[in-house]
């Protein structure tokens, strides 16, 4: 095991030329990031999750009820042992042959059986109240951590001059504020990694799970190698759009459609400007070019940049879907049922009227930052989502 660890943490892979792990050890004069610090993220992630449960129950839920958010879920299907057995053990979407067989067995018409299965599928959808509480929690956390990040960064020289991210590397002492910022962000994304399996299931589950993995890897890697200055820029930049996104979702759940549409369009502008403008011109420019000029070439530099490019690919994909939804909002005068997988993967919106004639539309969005991520993001403007 010691040999494997020594191979994995090879200095010539992870660190620039003439830099060793000994250079990053804390001394009496200055503290530097230590790998063991990251263990704090696990108990803190559990604490964040418990805080979330208390917040949703004692703060978000009363707020939702006060705003008259619908507390009940979809209409439940009438109990039927035979259909329930088929639904749970065989299929949730019976084909025509099975429908005819069930019709004969139960002496029901096929249309009634189809309606039962539709209601039974929709029965598993979470209530609007639950989705509101989840969004309010994310909105509150993103607002807090973004405000903290801005207050911290405005006192630093690397906010306005990204070359300062590499000045004096690796001898950049770890400030207490930076340490707190990093550990809290990492803990939050670890909590998302695990809570995603019990949260509202969304159609972009796989994409968001990938996003969280990349985010955790970036935070961990940048902390261990003391690339924390540029890391703080990335974290703060990704949190900005998620605040507006979660606010748009809450407005939608409250049936404040005009406010929801306005917030969604604001989110679209903030997301595109930050992820397609500032991110490549500010972040990728310094990690691809200024970092190379300051520290030279080393293998981990490319690992770092590949992870950042994966984020940028996700940004481009989500931006396309956001632009598509925003175009519909402008052309039709309202935000079309779009956008970031707010419709859960288990849901069924089987309407008897054509989709083009469907009634009022809603903003549908997910969160995450990336770091996030973002907690998150669009899965399809027409497929109708998330930091």
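Any Cβ shown, glycine's included, is placed from N, Cα and C.
Just so you know, TrEMBL annotations never went through curation; they're auto-generated.
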TrEMBL lists transmembrane segment for one of the ranges 241-261, 262-282, 325-345; which is that range? 262-282
Quick one: DSSP breakdown of the DNA-binding region (85-128) into helix, strand and coil? 31 helix, 0 strand, 13 coil
Average model confidence [pLDDT] within the DNA-binding region (85-128): 89
By a Cβ-Cβ criterion of under 8 Å, what residues six or more beyond either terminus of the transmembrane segment (179-198) are in contact with it? 33, 37-38, 40-42, 44-49, 52, 141, 145, 148-149, 152, 205, 208-209, 212-213, 215-216, 219-220, 223, 228, 231-232, 235, 368-369, 371-373, 375, 387
